[in-house]
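Only one structure is covered here, and it is reproduced in the block below.
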Amino acid sequence: MATQEKTVENTQLKDIISHAKEYGFIFPSSEIYDGLQAVYDYGQMGVELKNNIKNLWWKCMTQLNQNVVGLDAAIFMHPLVWKASGHVDSFSDPMIDNKDSKKRYRADVLLEEKAAQYENEGDVEKANALLAEMGKLLEAEDLDGVRELIIREGIKCPISGTANWTEVRQFNLMFSTEVGSVADETNTIYLRPETAQGIFVNFLNVQKTGRMKVPFGIAQIGKAFRNEIVARQFIFRMREFEQMEMQFFVRPGTEMEWYNQWKETRKKWHEAIGIPAESLRYHDHEKLAHYANAAVDIEYKFPFGFKEVEGIHSRTDFDLTQHQELSRKKLQYFDNDLNEEGKPYGNYIPYVIETSAGADRLFLMTLCNAYTEEEITEGDNTKSRTFLKLHPSLAPVKAAILPLTKKDGLPEKAEKIFNDLKFDFNMIFEERDSIGKRYTRQDLIGTPFCIAVDHQTLEDDTVTVRDRDSREQVRMPISELKNYIEKAVSFKSIFEKLG
Ligand code: GAP
């Protein structure tokens, strides 16, 4: 018997999108009304997978790091927060419209796609030169120069096929709404475009009440909202999404050391959840955000190319300084440890290293990485199988309990096993259809173990356990099931890789 797997590169995004829909991972939002662009809902399997990813991230941040604690700040914040952070004035994307198709595009994305095309054609030098030139123009806020570059590169609108472009304009990405019953400007508040600011404004609350000493971090998971104009590639770029962010407060002057440390730790985390090292890479930012003095993306090789899943940013003391100025409340930390000269550091505003991952992008990465099609040849017969090779600790369902038939007391026996294990694991009990069909259904949602209850079970209290990836079956006593599953699905193996 031989098996052959299809690689991620050969997998089409459209296969993954239809798989996600068909097996209850992701549905278009408000689908019965034809959906809402760039907004998605997580179905019965999707919510489990996403919760597992978030839970793992949370535990890795807070349980593995004694000096990182959690927070859950509100989505609505005082409007001055976004003035202080710079989002009101400069959280915008350079947009360009095609006059013929009336379609709007992100100017930088058009150029990045052109660079990716050069790279795919093997001309990495040309790709890098284009990205460097774009970076310089954006840095200098030379929007006319960006337009000229688009025209010089012969970039055309994919809808109209023409290069009849408008000028490039900046477009603010924040959603606004009003609080209270009177709609005037003073009541305007924003849906947060990043979770980070909730951490900054609570920096002293947490530091004081938790008696935290620099260096320390605050982690948070929550929704963020951006009025993305170019919303494509499924859940990669959404208008409502979830971030998993951690701000790590350090002594001024030590930030590059911590930046490098977190950069490495975070890449290791992605590898620990089963993403192959060759599918990940760093991408240093050409154009730094208004708050950063160093920034790198961790990119994953999606079916549509290497794209960002997480950013690590050295945010200096920009945010805390800005909040101190606008709120007129001191946001300083008193450091009573000694410096190299043996003197107390005294008061300072800490520098910040941020790790910022998108829960939805990690979800898409996990799904793309797990989606496997294989050909199985047995003698003259070749059949194909699709399954999700998810890390067992992330799989939505850990085990399925399957009585071989609906009679002879097998369902009752199987139900007892299910009832004993359901307190420990998310499981499925299924008695409909042939056992083969039931195995297939579990493969498609990535369940690592299928436990078959047969007539021998009634005699000797043993069951067969089928492994999702190898399809091999082992017979084991019911009393060993809990430890067997626990060993595979616990976060411990991941924790151990992270030290
Ligand atoms: N606090 C820093 C910050 O927000 P960012 O690079 O704009 O930085 C961080 O966003 C992460 O959030 C990205 O790496 C990505 O995973 C996720 N993200 C950003 N915009 C997104 C969108 N429109 N849809 C889904 N995820 C998004």
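Yeah, the Cβs are placed from backbone N, Cα and C, and that goes for glycine too.
Site annotation for substrate in TrEMBL covers Arg106, Phe241, Glu242, Gln243, Met244, Glu245, Glu354, Thr355, Ser356, Ala357, Gly358, and the matching candidate from Glu194, Glu299, Glu412, Glu415 is Glu194. Taking only the Cα positions, the spacing between Gln243 (substrate binding site) and Ala359 (ATP binding site) is 6 angstrom. Sorting the binding-site residues Arg106, Arg361 by the number of other Cβ atoms within 10 Å puts Arg361 first. Ligand 1 lies under 6 Å from the Cβ of the following binding-site residues, listed in sequence order from Arg106, Glu228, Thr355: Glu228. Here Thr355 (substrate binding site) is positioned 19 angstrom away from Arg237 (ATP binding site), judged by their C-alpha atoms. Other C-beta atoms found within 10 angstroms of the C-beta of Arg226 (ATP binding site) number 22, with every protein chain shown included. Nearest Cα neighbour of Arg239 (ATP binding site) among the listed binding-site residues (Glu245, Thr355, Ala357): Ala357.
Of all Cα pairs drawn from Arg106, Glu194, Phe241, Glu242, Gln243, Met244, Glu245, Glu354, Thr355, Ser356, Ala357, Gly358, which the record names as binding substrate, the longest spans 25 Å.
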